[in-house]
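Down below is the structure, laid out as structure tokens.
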Amino acid sequence: MRMANVEALKRRLGDGEVIPYAELLRKCEEAGAARTRAEATALAGALDEAGVVLLFRDKVYLQPDKIVDLVRKAMPLALTPEDDPRKEELKQLQTHLEEINKLAHKQVRRILWSGLGFLITQVGLFFRLTFWEFSWDVMEPITFFTTATGLVVGYAYFLITSRDPTYRDFMERMFQSRQRKLIQRQKFNLDRYLELQRCCKDPLEKICGTSHFSNADIAHLHELSVHK
């Protein structure tokens, strides 16, 4: 009869989410699950320990599973158990992103070496034309306009990007461009990666392996996510 009364109590509680603790005690007595206030208090504690309800600060949460899910989502990933599937997912995404970055660096280095080869070829061609094919009187205006064209291109680059036309800046912009294309081509889930990164914002974030990327790298990835 006591078990039947407990089942009746569960039906009385209904599908709500939160009720006052005093109301739970009253419903325990009304359902016949407890005869006195002391028995109702003991029954409420037993329900709490069994995970049927959650008691917290004079409130009774009737759906503790939802509370657990909310706490788990809000908990930093670094504080979750080692067997948390999100950690493995983050490691896989990090490995994939590192492969994309390596490929982007390789492509950028190939472009830079090609640029060096072009400049060497240009100098050799001008040398040949100056001392064998023509003379300095012919080649001087050609070299002047070639140099002036480089200055105009550098100034236009500054106006468009608002950044100094340095070799390092040019290399970084090429890397970002190649990285963006590779992320789209390989269908890398950047939004999911950034979501897991936000879960790792904790003093213990090294546990999650986020130390592979600096804050600037993470900010750049956020920019890619916004403009993709």
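Just so it is clear, glycine is given a Cβ too, placed from its N, Cα and C backbone atoms.
If you look up TrEMBL, you'll see 39-196 marked as domain 'Calcium uniporter protein C-terminal'. Positions annotated as transmembrane segment by TrEMBL: 111-130, 142-160.
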Long-range Cβ neighbours of the transmembrane segment (142-160) (under 8 Å; 6 or more residues past either end): 122, 126, 129, 170
PLDDT averaged over the residues of the domain 'Calcium uniporter protein C-terminal' (39-196): 83
